[in-house]
């Protein structure tokens, strides 16, 4: 070895030795000590340093005193320390992202220096040795991927001599897979032979200061501007969870945080810091991939309590710091973490200790003896009902990972039931077993289900006096709710207010009152029916609750909460939370709608996707949400050019609330998977006379996944003739006979991407003028089992790439308004003409002979959004996707085990989707970037178009106020 090192000595050039040190941010003192030991071991193991050529001690001293520091503007918290000496170039990466580390590793391998050292020291998993980075992880698998890059191999092959690379990494796990590589002399974890020196100690002390964990207030920073975010529509934020997952599900009146991700700098913080309360926290599995982000939030809440009890400072500064949301019920099973960091603390034990300090008792999640009996998380008359079905674990296994299904049943008959699955690390076989126990539920047997579809049997069998009132068409009564919960909800004064309005006003006025909560005042349009509703006083979607009571020991709220209180920690299945006192001020009842309501279409077969920047109108209407990024504003004006004088944007301004600090979600921009695609042709889809039908420049890419996805927003129902707002002759045709009837299994029906005018029921094919001539505003549709399919989940986000989907039956672009006779492209050949007629006949049939069809074993279950089981929970084959049919699949968890089986999961999705009997549009949302996924996308892109599969990129952003954060918002 001495002869090899002496060869380049006469021609030794500056920086012939290259040192790359990678350190991850440490969250506890024990972890910091472990990382410093690994750093020292790595530097002292570099035997290639010839003391006659390079004095490592002097070079490290020079680094400490002369290095330059660079803070990344893209990856918050990442720092680069660099120094280039006469013989040694040193680069230290602190708290990097996975992409930054891969880029620097590529540069290290391609550098012509003959001797190189790579020290990988940071928090790592005990099982695999995978390093835990700010985003994702880094393992031996990722190292081999970078080493196998063609550009790297070409650089190594062109070198005059094979360079020597010493790698100091974890000595356990899968790092032993690193072996000899062509064109590279690789040495893995050699023993530490160099003596300790003063320069090395100074280097370690300086790095230790940079790796010390920040305070909770520095880790989770307060926003630049205060205010509360109101989420009126059902939605789900998909956050990049690093090695795990993190999601935030919200409905009108209740919010649920699911897991926290592996990054201590919580990915969900920039959203929840604008909330006054998180009503429920659901931890599907305890480990280093799901709890660090949640524990950071708990530490901040504890620090806020200590700061509030400490010396008083400036009032405004204290209010700005003490802003974390109040926490409701917490569901947590395991008492010990399933995965731990080497040298770190047990995240599950830490979470329970923090919850105990905050006075919160975590509740276990277990499947009951009757899995179809859910836990009612939230229920409010006139708003809806949120149910929690626990699919796993079974009774007697509390430490197993939990699998939860959330079902939101809104009160409005025409609104869509939302079904979201969070499996965590549940094995697929047990997940399917849990779903099989629920497949008899009507809400899981169709791709799209409305509340009207579920209330018919209850209304037929109900002996309550409410069955004879007109309000039963709008306020469904669930038979599974106990008498106590029903009477408790009934005691709310808001119900009497709504009933008085409904009983004293005529039919058309009643329609106006019911629809104002979705349309809102100030709708800018030229349609007479909307302007007729303009001067009317807005009626809210739901009465707000009084300030939410805190859990014992919880920090006091700074502002009044307008959300209903979280359920008591003693929730039991089929038990609703206690009622709350409604507010008396009608202004406080407004819920600040967050997105515009697209105007209804003129033809019953035309569907128009949500336009461009769906939440920007609410942003413009919010009194304290005017700091919009200039580039985003310019993009908005470019995508929506000025139209004719008679056309105006159907954009709804948000109603001003009594609170002076309401924050509205403004811009969402999920990027499409970035690959070369042919430019899409202009869609011949028709539209109404509003400015949504303005023709856009073909070179402008869509900025909303709602446009790129051929799905319909909940605000764009398929126009049909019947309506629950008619008080005249249509009431008889509208109401089914009062006999028990359960809908049969869903037959082949038109896909989620289109509406076949020939397949609609006869009443739905009536001209719009005939059906709605007596009404000033068209009521939301009440679709049948055949026409309900187009009401799909809308990913309300903006995409940066082109649509690129030629076979999609509905495009994001619209034709000019002077083409009212055009209808969207459909996939008629794939839809049997008899299926819609059968579905329509089934809906109109009545009598004792109507019985549900028997369910075959392994019948499919339809969901709106489903996370895929992660963390190496098990192999997902095509049978899984054949039985679990979701409109949106989320792949999360950038771990080594996840990447190893990723290609098989993606291929299984294609194979399973190919066997679906319904033509549904499916969206795949990955939370991380992967070379495996890129290759799969390039090789199978043509199949995506044929099967109706869209893949989003992992760089989605949500812009709120004056900053953006990585997330993808899915609206239902």
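Every residue, even glycine, has its Cβ placed from backbone N, Cα and C.
In summary, of the candidate residues 339, 462, 519, 807, the record from Swiss-Prot lists phosphoserine for 462, whereas the others have no such entry there. Of the candidates 210, 296, 723, Swiss-Prot records phosphoserine for 723; the remaining residues carry no such annotation there, which does not rule it out for them.
Per Swiss-Prot, the residue annotated phosphoserine among 576, 585, 622 is 585. The residues of the region 'Necessary for the mitochondrial aggregation and genome destruction' (880-904), classed with DSSP into helix (H, G, I), strand (E, B) and coil, number 12 helix, 8 strand, 5 coil. Nonlocal intrachain contacts for the region 'Necessary for the mitochondrial aggregation and genome destruction' (880-904), taken as residues 6+ away from its ends with a CB within less than 8 angstroms of a stretch CB, comprise 98, 128, 130, 135-137, 139-142, 174, 238, 240-245, 247, 289, 421, 428, 431-432, 435, 447, 711, 752, 792-793, 795, 858-868, 870-872, 911-913, 915-916, 918, 920-928, 930, 932-933, 935-936, 970. Averaged across the region 'Necessary for the mitochondrial aggregation and genome destruction' (880-904), pLDDT for the predicted model comes to 88. The region 'Necessary for association with actin' (874-972): residue composition by secondary structure is 41 helix, 29 strand, 29 coil, according to DSSP.
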